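Engineer: Quick one: this structure, given as structure tokens, is what I'll be asking you about.
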Amino acid sequence: MKALSKQESRAGIWMVDTEVPRPGPNDLLIRVKKGSICGTDVHIYKWDEWAQKTIPVPMVVGHEYVGVVAAMGSEVRGFNVGDRVSGEGHVTCGHCRNCRAGRRHLCRNTLGVGVNRPGSFAEYLVLPAFNAFKLPDDIPDDVAAIFDPFGNAVHTALSFDLVGEDVLVTGAGPIGVMAAAVARHVGARNVVITDINDYRLDLARKMGVTRAVNVTKEDLWSVARNELGMTEGFDVGLEMSGSGPAFAQMVDVMNNGGKIALLGIPSGDVRIDWNAVIFKMLTIKGIYGREMFETWYKMAALIQSGLDLRPIITHHFGIDDFQQGFDAMLSGQSGKVILDWEKR
């Protein structure tokens, strides 16, 4: 089969021929239809410090996809050949304290599809059946292909009550924009998103945010106070950028008793005003991945109740043009980029 693999310890991704993997007794063999390029894949492509420490070479990469069940292990129940599926990319151990307590998203022994085990940028993927999510018929393939990052957005956005609240999202990458759209969909009063990339702020506007702010050109607090009538600060903060200055600004503009969910990963140490955290009595919660599988059920329900993610998908390429897809991601002038394994 064809696959995209990190073949060498340098920048780049390579198309290779490799054997079709064999499912174990508890696994599904999934024929991949479409995949999406994640920021993690870009880190691996660029071979940055994190990738060098984390990724064994060679490794088939990718973890955002939609496909159909091609074969099943002998012990698999609840699936049929031909079922349309996506899947949870965090493969957990099942025997640690958190797994046994039903908190699998907190497993200390998690392996990542396309990171520590073979990924979904391939014609076929083997995945534990436990990790597969059977897709409703009314969720289109393009949207299903981005369910993994959508799950990050949903997990982050729904960490706190949003109904009637003023929400600040820092970072207008695809996950940040989707988190902002979730907040609007479930009833937040104002949803403000900040970034320094005008292209992605325009995507956020298309997804329905109340206000998109380029912090190099406008003052965030002036916009909130003078345009939106906010006098006390934001109630909920969703930090999606990994930017130290963005996080510091978020802490500064939160209302007393505000709640912050952190998904963005900083590249180094970040300084914030801990006195503000204490005296404002802020709650800060770290987010990683998706809750298994509560987040997945909520994702499907949000789409089925009318949340439209299609504007965040900006590019489509046949798999033979994968390099163009990575170039689009690297440019910063894209939303989600779809690679189609059925289009050569």
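Here the Cβ of each residue, glycine as well, is placed from N, Cα and C on the backbone.
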Engineer: Which candidate from Cys38, Cys107 does Swiss-Prot annotate alongside Cys93, Cys96, Cys99 at the Zn(2+) 2 binding site?
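Structural biologist: Candidate listed by Swiss-Prot for the same site: Cys107.
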Engineer: Which of these, Ile175, Ile303, Ile313, does Swiss-Prot list as part of the NAD(+) site with Asp195, Arg200, Leu263, Gly264, Ile265, Ile287, Tyr288?
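Structural biologist: Checking Ile175, Ile303, Ile313 against Swiss-Prot: the NAD(+) site match is Ile175.
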Engineer: What does DSSP call Thr40 (active site, charge relay system) in the simple three-state scheme?
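Structural biologist: Where Thr40 (active site, charge relay system) sits, the three-state DSSP reduction gives helix.
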Engineer: Tell me, which binding-site residues from His63, Asp195, Ile265 are within 10 Å of Thr40 (active site, charge relay system) if we use the C-alpha atoms?
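Structural biologist: Of His63, Asp195, Ile265, within range: His63.
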Engineer: To the nearest Å, how far is the Cα of Tyr288 (NAD(+) binding site) from the Cα of Cys93 (Zn(2+) 2 binding site)?
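Structural biologist: Given the Cα positions, Tyr288 (NAD(+) binding site) is 17 Å from Cys93 (Zn(2+) 2 binding site).
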Engineer: Of Asp195, Leu263, Ile287, which is closest to Cys38 (Zn(2+) 1 binding site) if I measure between C-alpha atoms? They're all binding-site residues.
Structural biologist: Leu263
Engineer: Neighbour count, 10 Å Cβ-Cβ cut-off, for Tyr288 (NAD(+) binding site): what number do you get?
Structural biologist: 14
Engineer: I want to verify one value. Collapsing DSSP to three states, which class is Arg200 (NAD(+) binding site)?
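Structural biologist: Looking at the DSSP assignment, Arg200 (NAD(+) binding site) belongs to a helix.
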